[in-house]
Amino acid sequence: MAYSAAPDSGAWTLLIATTVVTVCCSELQNMEPEFLNPMQNVTVALGREATLVCSVKNIGEHKVGWLKAEDQTILSLHERVVTENRRIDIDVDNNTYWKLKIRQLQRSDKGCYMCQINTQEMKNQIGCVDVKVPPDIKDDETISDITVMEGANATLVCKAKGNPVPKITWKREEEKRIILKKKLKEISYEKVHGEPLFLVNVRRSQMGHYLCIASNDVPPAVSKRITLNIQFAPEITVPNQVVNASRDTTGRLECTVESFPFAQTYWEDSKGNSITTSENTYKLEEIKTSHYKVTMYLEILKLEYSDFQKNYTCLAKNSLGTANGFLRLHEIIKPTTTTTTTSTTTTTTTTPKPTTVSTTTRMITRPPVIPSSPTNRKNSKVHEGDRKYGGKSVDTTGRRMNGVEKFDEIETQSSSHRASRGSSRARRSTVSQSVGIAAELVLLAAVTAGWSTGCAVDAVVGLVSLALAACPPLFLLAWRDGDVPQ
Ligand SMILES: *[C@@H]1O[C@H](CO)[C@@H](O)[C@H](O)[C@H]1NC(C)=O
Ligand SMILES: *[C@@H]1O[C@H](CO)[C@@H](O)[C@H](O)[C@H]1NC(C)=O
Ligand SMILES: *[C@@H]1O[C@H](CO)[C@@H](O)[C@H](O)[C@H]1NC(C)=O
Ligand SMILES: *[C@@H]1O[C@H](CO)[C@@H](O)[C@H](O)[C@H]1NC(C)=O
Ligand SMILES: *[C@@H]1O[C@H](CO)[C@@H](O)[C@H](O)[C@H]1NC(C)=O
């Protein structure tokens, strides 16, 4: 600036100078650049593009520069990018809006940026970029396994980073609930917010996988599985200490073991000998039902007398202790069937010996069927009973069944007896009406036909008489029907 630097010049010169300065300064005053608006801060997700806008009025011959505020690194001079960072661009709109663009935003881009105008007295404005970062769990500060003794307290730690700071939520796998103690009361929750998760006086049911879920408003949320192991000495429960079985069948003994760490399990007999699977005698099986539960089975094949004299022990052992359960087999004696003999005797008593012998061939189709029917029914029932005993039904039921059956049988027989007696009584009454006539007719027939014919008929009758004997009155009927001469 030459004008102001001429103090020793003449008055004329001074006049000219002051005029020029005044003109010049008033012009400069008019042309001085100004910021139109304060710069807006921006918050952009990682990987996206951030844009800061610096709006300048009357830029004139002045220049706009962008700097990183914290270390004053120059990023751009006017429309030229100076930094080596290729993700930075400058964009000018209408010679007014100076835009700093940062593409594929990184965490390190977070910070404030300065827009500067090279006026004599530097003018500048500051705008900040915040980088939103999705949550991420810090693996080095989050332990994936924690083991405590039953009854102790457990602290589940889960650290996460992200911007904004992620929130932590706890859940359990398999829809199990989280148990927290609040003022001596136990409350179960589907999810718990906050970190760390503090579990007081833990029990085995709280063992398992816990999920630490970290989330903020930038997706995706992330989770990490933390396994809580709760150690305790084995415990055995025996659902049936005495197991009913009958000889030649398979006896199945069962013990349920709870333990952690998982126990070594085995069976022993009364003498303390360990029982192992052998093709013809024993079959061992184990079914794991949860993180800390196993059901152990011992099958004793083709049971014999000595198997019922033993005690069986199931044992479980882990680093914290040993447990055992005692079991025994109780023999169920298979019931024997004795009913068939009685049925035959009943049948015989109902059959009276035939005394009269005189009939025709028509009689054969008639009564002999009646007395044999209850015997048939009985036989089929006995078989049914046998089948039940063969199966695994309890003996008491079997015996009861048998009793009912016998009773039932007697009932049926006596009632059928009664029925047959009733029917014979009915027949007898019809017979009695015609007995007088019949007697006369027999006499008449005997006279007319002579004794020789009567004897021939007798021979035929003799063959079937045994069967017919069951219902003697029908003799009379048949006799009347068939023997009555016209
Ligand atoms: C931008 O952010 C900075 C730092 O966070 C703050 O000091 C400033 O006031 C913010 N500016 C505006 C316009 O919100
Ligand atoms: C460009 O700037 C001039 C003055 O600086 C203004 O009159 C005009 O409206 C602006 N045009 C746009 C598109 O912003
Ligand atoms: C577990 O935590 C509770 C509550 O903070 C405390 O009273 C108790 O003594 C702790 N138990 C053990 C075994 O540290
Ligand atoms: C085993 O049989 C006995 C009688 O013989 C009976 O009292 C007991 O209830 C039976 N047990 C089972 C589990 O069926
Ligand atoms: C089986 O156990 C019972 C009761 O524990 C005991 O009285 C009995 O003597 C044992 N029998 C054998 C053969 O060990």
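Any Cβ shown, glycine's included, is placed from N, Cα and C.
Annotated features in TrEMBL:
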SIGNAL    1-25  signal peptide
DOMAIN    33-127  domain 'Ig-like'
DOMAIN    135-227  domain 'Ig-like'
DOMAIN    234-319  domain 'Ig-like'
REGION    338-431  region 'Disordered'
COMPBIAS  338-365  compositional bias 'Low complexity'
COMPBIAS  418-428  compositional bias 'Basic residues'
The domain 'Ig-like' (135-227) resolves under DSSP into 9 helix, 51 strand, 33 coil
Taking DSSP H, G, I as helix and E, B as strand, the domain 'Ig-like' (234-319) contains 5 helix, 49 strand, 32 coil
Across the domain 'Ig-like' (234-319), the model's average pLDDT, rounded to a whole number, is 93
DSSP composition of the domain 'Ig-like' (33-127), residue counts helix/strand/coil, works out to 3 helix, 50 strand, 42 coil
